[in-house]
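Encoded as structure tokens, the structure appears first; notes follow it.
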Amino acid sequence: MGKIQDTYKEEAEELLTDLEDAFLELENDPRSEELINRIFRAMHTIKGSGAMAGFDNIAAFTHEFETAFDRVRKGELSVTQELIEIGLASQSWIAEMLDSNDQQTALLKEQADELTVRLLQLMPDSAEKPNTEQGKQMAPEVAAEEHDEQIFRIRFKPNEDFFNFGSKPLALLRCLEEMGEYNVVAYTDALPSLESLHPLTSYLSWDVLLKTQKSRDDILDVFIFDEDDCELHVDVIDHGDEQEDDYKRIGEILVERGDISADELENLLPKAPKVGEILEAAGAVAKEKITSALVEQEVVKTDRQQKQKAVENIRVPAPKLEMQMNLVGELVIALASLNRIAASHADTQLINACEEMNHLITELRDNVLSIRMMQIGSTFSRFRRVVRDLAKDQGKNIELFTHGAETELDKTVIDQLGDPLVHLIRNSIDHGIEPPEERAEKGKPAEGKIILSAQHTQGQVVIKIEDNGRGIDPTKIRSKAIDKGVIEPDADISDKDALQLIFAPGFSTAEKITNISGRGVGMDVVKRTIEDLRGTIELDSIVNKGTTITLKLPLTLAIIEGLLTRVGDDVIAIPLSIIKECVEIRSKDLSKTKQGYSTKIRGTLMPCVSLREWAEISADKPDLVELIIVSVDNESFAFIVDEIIDQQQIVIKNLGAVYRSIDSISGATILGDGSVALIIDAFQILKRHLKSSGGDAAQNVA
Amino acid sequence: MSDPSVILKEHSEQTEIILQGELELESAEQLKSALVHALDLAQPIQINVASVEDCHISSLQLLASLMKHRTSSSPLCQLEGDSEAFLRAVNLSGLGHILYGEQNEASDSVTPIASATNGESDG
């Protein structure tokens with residue numbers, strides 16, 4: 001697949017998401033002109049760009065829908081449930097078509113015909129047969145909204161490597177030519193002599209004057225796949241409503257085009273009276289017209305500035321961001337090495353330079369991380385359709401509420417989060433929310449609710465999926481777990497722990513297997529995926545009240561601020577985001593009971609975990625130890641370490657497959673001297689500690 | 001094997017370059033070699049485009065470079081037997097005045113701006 005096709009797929013996927021949202025919103029607000037226009041525009045772009053990118057099937061298919069929504073816009077066709085159903089089915093069809101192979105394409109074509117026939121039945125005065133040929137021929141300009149005739153200046157300068165991407169300037173110029181009255185001038189200034197000319201390099205650029213009824217957007221659509229590889233300016237230079245003799249002067253045009261600055265022009269014509277003054281004095285042009293021209297110049301200038309702002313957003317391929325992140329990671333490691341050398345030489349100038357570097361690299365790191373941050377809303381929006389369709393299939397009334405769609409997460413995390421969330425939401429629909437009659441018997445409102453929310457807390461993102469369905473009965477889970485051999489019959493586990501058994505491999509409580517869930521292969525995969533993202537998953541449920549699943553995920557998987565500590569000869573890193581404070585105490589002030597270590601900090605008893613014992617390090621204990629007080633899951637406790645080494649950025653490296661089962665280590669990092677330090681997973685250590693000490697709080701973190 | 005899109009023929013008094021079929025991006029390398037070789041022969045160059053079915057801009061810019069940078073001592077270069085596809089490409093590209101000279105533009109309905117703006121008022 002070529003670059004154009006890839007770009008089209010990317011663009012189309014975004015448009016399809018928007019289209020789906022618009023259809024779902026239209027269902028609740030069928031008279032919204034804004035939504036109808038949004039659907040029309042999305043269909044129009046999918047069709048037009050599809051034709052240009054060689055997706056003729058999609059172009060032909062979408063043409064009928066665009067026509068239908070054009071009629072809706074004109075008030076000739078009403079928005080009905082059937083129209084929305086067909087629209088959503090079409091959206092799915094296009095999405096499948098984008099990824100289909102030849103075999104699937106044949107089947108999809110049949111589906112397309114069925115959908116088109118259904119659509120045409122809604123438009124009784126339309127042709128009975130799908131007009132696929134018409135759609136095939138669609139270029140982006142065809143069937144576009146017609147405007148009053150305007151003259152556009154299109155300044156098109158391909159980058160030198162333009163040809164390398166398979167782009168063809170003449171094809172673009174041909175599209176423009178087909179849009180109206182076309183005049184072109186080629187700029188050949190950059191064209192070298194034949195001997196120096198590289199045949200695969202682009203040297204030419206063009207100004208096209210196009211008199212057309214098409215809109216600026218229609219013109220930009222022509223360049224939709226090439227706009228990143230060229231300089232492109234599309235400006236209206238004549239709106240078509242001026243007087244015949246009210247055209248711009250050469251000087252104005254040249255200034256307007258940026259070919260000469262106004263100052264340069266003034267300098268070259270130092271003694272001449274201003275043209276406007278001559279014309280005004282001669283009575284050739286009225287003063288108002290000169291004023292109008294000046295206003296026009298100002299409007300065009302402002303308009304250009306705004307357009308300039310609009311192109312400040314650029315599309316960057318994800319692998320480039322990955323590469324950028326990796327390089328920043330390497331830079332952080334190299335800086336740690338440099339810091340170590342500087343410290344060992346006790347050279348103030350070198351140390352100061354390193355500090356400056358440290359600030360800059362921290363800024364660079366934060367900047368790169370922020371580029372990778374995406375709003376989770378794009379993932380949330382997928383679920384509206386899932387909930388709608390599945391609820392309908394099962395005859396349930398379910399409404400999805402979302403909160404915190406603007407919450408940002410690293411792209412890598414978001415990419416991998418979609419499937420687990422789909423599974424959890426499907427479970428809520430299938431097993432959680434009861435059918436209306438069952439809800440009525442329980443005195444619940446007929447409409448079930450699923451609430452999907454996200455928020456930042458303590459350097460993490462917490463995502464919750466809550467429903468007000470039938471909940472999960474821990475007794476039933478326990479019994480099922482015994483039947484399946486997951487736990488021993490005499491196992492003494494709390495209700496909270498019993499609920500977590502749902503994440504065990506092969507565990508399913510569904511009494512009948514549906515095509516949605518209940519195969520028992522999902523929840524363990526969900527848990528593993530979340531844990532692979534260095535996150536946690538918890539389940540709370542109250543019978544007949546509902547279920548809440550809480551996911552806690554790190555903001556990023558790449559680089560964090562960490563505190564390097566020493567225990568014996570080993571260096572252990574603790575994420576700075578969970579650290580509340582550090583306190584130095586004498587070893588003898590630590591008390592040890594069967595529940596573990598503890599000490600009093602400002603009169604409050606603080607449970608402590610010895611990282612020496614956790615890591616089974618046998619070196620001598622120092623007289624003075626450091627307590628690293630952390631807050632995890634609303635619990636405060638302290639890690640006991642020998643010494644604090646430094647605070648620094650740490651690049652998280654995954655442990656190999658062999659060590660992945662060690663749940664209390666979340667990764668490792670490379671230090672400045674090339675040695676490796678483990679990064680602890682405080683949540684897992686606390687969980688393990690509370691379990692082994694039999695603490696009541698264990699119930700809260702199990 | 002498909003026919004080559006660039007054919008160089010050395011005659012006793014002139015060099016002929018025949019362009020034919022679809023002149024894709026890849027054809028530009030061959031065309032450059034042919035043009036450079038023809039220039040070395042230092043005799044009139046006739047470029048026959050009668051059988052061109054499609055033309056990438058890379059070939060046109062080579063021809064434009066040849067025409068643009070010619071000097072009084074350069075061999076005479078001339079385009080012959082224009083095909084409809086070639087003329088269309090020339091007119092779309094706005095290179096007619098360079099490839100055919102200011103007074104002898106490619107015969108088509110498209111008017112290059114360069115000529116349309118001649119004689120405009122200054123200011």
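Don't overthink the numbers, they just go from 1 along the chain as shown.
Positions of Cβ are set from backbone N, Cα and C atoms, glycine also.
Positions annotated as domain 'HPt' by TrEMBL: A:1-101.
Under the heading phosphohistidine, TrEMBL lists A:His44. Annotation note: A:His44 (phosphohistidine) sits in a helical segment as assigned by DSSP.
Summarising the annotation, TrEMBL assigns domain 'Histidine kinase' to A:309-557.
Over the domain 'CheW-like' (A:559-691), the average per-residue pLDDT in this prediction is 85. For A:559-691, the entry in TrEMBL reads domain 'CheW-like'.
Neighbour count (other Cβ atoms within 10 Å of the Cβ, all protein chains): 26 for A:His44 (phosphohistidine). For the domain 'CheW-like' (A:559-691), the number of residues in each DSSP class (helix H, G, I; strand E, B; coil) is 23 helix, 76 strand, 34 coil.
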